[in-house]
Amino acid sequence: MLQALLDSKDFLALTLANPETLGDEFSFTLGEHTRVEVWDTGVIVFEPVQAQGKDVILSCGVHGNETAPIELCNTLIKQLLQQKIIAKQRTLFLIGNPLAINNGTRIIDENMNRLFSGEHSNPPGLVNPERVRAKKLEAYVDRFFKGAAAGRQRIHYDLHTAMRASKHEKFAIYPYRPGRAYSAEQIMFLAASGVDTVLFHHEPTTTFSYFSSEQYGADAFTIELGKVYPMGQNDMTRFIAAQEMFMRLITDKPLALEPFSADKVNLYQVCRVINKHFDDFEFTFATDVENFRSFPKGFVLAREGGQEIKVEQECESIVFPNAKVPIGNRTVICLIPSVAPDVR
């Protein structure tokens, strides 16, 4: 495995050729500046000999068909392995769901991004590949963040693409973080990366980014970088800004961020989440409606169990509508425009 990676510098190819395991962990050094550790398939760490003050996680492929972030991360990994760029921050790359990537599908059995914060082991337990992998990914995050001295800034960007078109092509979900201010620097980093829209979540979830935020105090985000396309069919020029900013972060180059101003970004507050309670749940709007579509107050969004679900507030908009989820799961997130909350 080691020689294959040293020869190809293609960690994604190695991962997809061995989607369940790489066998034993292995490590090697790049020049005299970086120790590289491979902990598992899709799990690679860059440890600078003289690390600066940030611990950075870039995860992708939690959903197997969201390919642009996978290609983006593999490009960064390849540049690091080729020593075209040199890591100055401790950096962990996670390719989340290799089995689903090989399958060309969002999932194998279950939505992995609903299985963190221990949800993977709640009944029915570790019964499918996503649950097993989510538990492992949690352990790798724990090992990485605890592998350095306390007091360092912890960052986790969980990269995705959306199943539908969007009024705002690139957007981020800021996990619920009671008692902690939102980071002005992080919001402006996202803006510089081309992610000009931020949703502030209103409650705990079982997403990967919430796990890192809540358990480790990380500046963590679920970041949607555009629309789903098959592997190799992404227009990677649309991700130049994001790739450049991630590279600057990892290599400790100046970020040159603008000061925070609410008029430079689109801010939304999650006002409610609508879950599915009956098999007959259906939306009233077209299946191809774009993310951030708004509806007038009183508009009937959906019907289930003989009841109507209506828009409750003026200027309420929606993201991630999906009626074809299991009972108990989220069908849509509802948003309202937000004045900047506690941003510092």
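Each residue, glycine too, has its Cβ placed from N, Cα and C.
As recorded in Swiss-Prot:
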- HIS63, GLU66, HIS160: Zn(2+) binding site (BINDING)
- GLU224: active site (ACT_SITE)
Mind giving me a neighbour count for GLU66 (Zn(2+) binding site)? Other Cβ atoms within 10 Å of its Cβ, every protein chain shown.
26
Using an 8 Å cut-off from the Cβ centroid of HIS63, GLU66, HIS160, can you name the remaining same-chain residues around the Zn(2+) site, in sequence order?
CYS60, GLY61, VAL62, GLY64, ASN65, PRO69, ARG106, ASN113, LEU159, THR161, ALA162, VAL228
Have a look at the binding-site residues HIS63, GLU66, HIS160 and say which one has the shortest Cα distance to GLU224 (active site).
HIS160
Same-chain residues at least 6 apart in sequence whose Cβ lies under 8 Å from HIS160 (Zn(2+) binding site):
CYS60, VAL62, HIS63, GLU66, PRO69, ASN113, THR222, ILE223, GLU224, LEU225
For HIS63 (Zn(2+) binding site), list the number of other Cβ atoms lying within 10 Å of its Cβ atom.
25
Provide the three-state secondary structure of HIS63 (Zn(2+) binding site) computed with DSSP.
coil
